[in-house]
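Let me begin by presenting the structure, written as structure tokens, before commenting on it.
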């Protein structure tokens with residue numbers, strides 16, 4: 001009997017916990033996906049069961065994970081605990097989570113990492129530990145049991161030490177991300193235990209440690225991405241006694257800082273990594289004039305890099321930058337070059353002629369103009385070029401642009417979109433093998449025989465075209481989106497067309513010629529073109545609903561009040577901000593809640609107006625001019641008062657601050673002079689209880705001294721003295 005009773009008690013307790021979980025986090029009930037993020041939990045809610053596979057507890061206030069918290073969630077695959085306040089985890093907290101594949105503990109308060117936490121997570125593939133407060137990974141590896149780990153994120157602004165053995169047990173990683181911005185100690189060989197890393201990102205500022213890490217990663221990393229580094233002036237080899245072949249193929253610098261000297265040295269040292277094929281520099285800064293040690297660079301031999309991508313580089317003295325004379329021998333094997341969003345306005349002809357192997361060139365979003373294009377694409381330059389992107393530059397003449405591009409005999413793909421040509425000539429010279437041309441967003445009003453007949457793909461979207469009647473016998477794809485077309489182009493002049501895009505035009509009729517040779521079943525028209533009346537009706541309904549929504553939002557967020565007060569404020573702005581001293585009629589204008597009128601009229605008014613000398617107070621009940629608009633009454637009263645006295649209380653807040661008419665007093669007053677406000681608190685009130693639209697009053701409550709009405713008689717005497725002094729100041 002006692003055993004049955006025990007079972008009953010356990011079942012009842014579990015049922016009770018599940019009911020509590022249902023109330024605390026409704027999405028957990030009868031669902032495998034349990035989303036409890038941003039719900040204010042300071043502990044893991046009880047009642048988690050085996051049916052849950054995804055548990056999201058991110059952005060709460062959880063401080064500790066205890067042994068029993070996740071004991072029943074044995075089928076959990078994803079556990080998200082990022083952005084809590086976790087500082088303590090019991091050693092066996094994750095013991096039952098053998099099926100867990102993703103664990104996110106980032107942005108918490110973990111001061112150390114314990115290998116016991118991860119000892120039973122045999123299926124774990126993704127582990128996020130970045131953004132905590134640990135300074136190292138311990139004396140051994142916390143990850144030794146994680147044989148299936150695919151991605152690892154770790155480090156933080158306090159992370160300063162990496163030791164040998166810290167990564168023992170990890171053999172293959174798809175992604176390794178380390179925040180080592182303040183890394184000051186790295187034991188050589190620490191990362192060598194990982195045999196293969198597809199992509200590693202490290203935030204590091206110490207250039208010497210960067211060199212040590214590179215030496216350890218030569219045989220394991222395919223793509224190394226480095227952020228915020230300031231390269232050192234170092235001549236020590238990056239490969240030293242390492243044996244070939246190396247594995248690293250791509251190196252990316254983000255937000256890095258270079259000088260002429262460090263960049264020259266880096267070019268020399270990186271040549272030793274014979275496997276390196278691709279270099280990237282994104283959002284980097286170069287402090288220098290291009291005075292590189294070209295003799296040493298030339299002596300160091302040929303570079304193996306085939307692809308260079310430079311984006312948003314900032315050269316602090318760009319106008320003083322040299323033309324890189326002497327670098328010609330280093331570029332003749334380069335295959336792909338991108339320099340985007342970097343203020344490039346020309347390439348010297350002599351340098352351009354040495355890009356003998358370049359197949360792909362991207363200069364989009366720069367400052368190229370037609371006059372400089374003659375130098376950049378001079379005769380004999382870019383002899384092997386097949387693809388050229390000059391979009392988003394400052395080219396103005398399509399005729400001149402075509403004339404210079406004609407000098408590229410092997411060019412097949414050209415993008416000159418988003419240049420403001422405006423006009424298009426009748427005849428242009430183009431490379432004879434040109435197959436792809438992008439002229440979208442170039443403001444051309446029509447298409448002419450300037451368009452080469454050899455094209456297979458043509459994009460003239462987002463222009464001002466009203467018709468399209470070119471004969472392009474080899475064209476396969478035609479993009480005419482966002483023009484002014486009223487009819488489809490004829491099918492006969494473009495017999496090999498496979499894809500046609502005519503969205504967002506003004507099509508209203510279709511001719512028989514437009515479909516000659518094309519099965520109607522293969523023509524796809526948009527809903528707007530097939531059902532115009534339906535679209536118009538839907539637009540009308542949406543506009544009506546939008547108006548209703550704006551009215552509702554305006555009512556809820558007091559938009560009428562804002563407009564009304566803004567108009568009154570603008571009118572008041574034309575007047576002098578303060579009346580001349582001779583026009584001051586009152587010592588203070590009093591703003592208060594009707595619920596507090598008894599204290600104001602029977603206590604404060606009596607005390608101040610019967611003082612010696614007496615103070616003159618302006619009360620809206622007594623002193624406003626009858627028949628005058630209340631806002632004008634308020635403006636006049638404030639301008640004719642030396643001070644404005646606010647009597648604040650919970651009643652004041654709950655009554656929408658003494659009706660909207662009195663709100664203008666705050667609006668006007670705080671625009672002019674915060675020192676003229678005197679705050680009297682009848683009862684304690686939190687500044688965050690004040691409506692958000694009174695941001696300046698909230699600021700005053702946080703920064704200015706205010707008077708608080710005390711309970712004791714002796715303190716009340718002091719209160720009256722302080723108030724009188726404030727009124728006199």
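The backbone N, Cα and C atoms fix where each Cβ goes, glycine too.
TrEMBL labels come from automatic prediction, so no person has curated them.
The model shown is predicted, which means the values in this text are computed figures rather than measured ones.
Taken verbatim from TrEMBL:
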{"type": "SIGNAL", "residues": "1-20", "note": "signal peptide"}
{"type": "DISULFID", "residues": "28-34", "note": "disulfide bond"}
{"type": "DISULFID", "residues": "349-378", "note": "disulfide bond"}
{"type": "DISULFID", "residues": "428-450", "note": "disulfide bond"}
{"type": "TRANSMEM", "residues": "534-555", "note": "transmembrane segment"}
{"type": "DOMAIN", "residues": "584-727", "note": "domain 'TIR'"}
C-beta crowding around residue 28 (disulfide bond), within 10 angstroms: 22
Protein Cβ atoms within 10 Å of residue 378 (disulfide bond), excluding its own: 17
Most crowded position, judged by CB atoms within 10 A, among 34, 349, 428, 450 as disulfide-bonded residues: 34
Model confidence over the domain 'TIR' (584-727), averaged pLDDT: 76
Proximal residue to residue 349 (disulfide bond) among disulfide-bonded residues 28, 34, 450 (C-alpha distance): 450
Distance [Cα-Cα, Å, rounded] between residue 450 (disulfide bond) and residue 34 (disulfide bond): 61
Between residue 28 (disulfide bond) and residue 378 (disulfide bond), the C-alpha gap once rounded to whole angstrom: 68
Spatial separation of residue 378 (disulfide bond) from residue 428 (disulfide bond) - C-alpha basis, Å: 18
Rounded inter-Cα distance in Å - residue 378 (disulfide bond), residue 34 (disulfide bond): 64
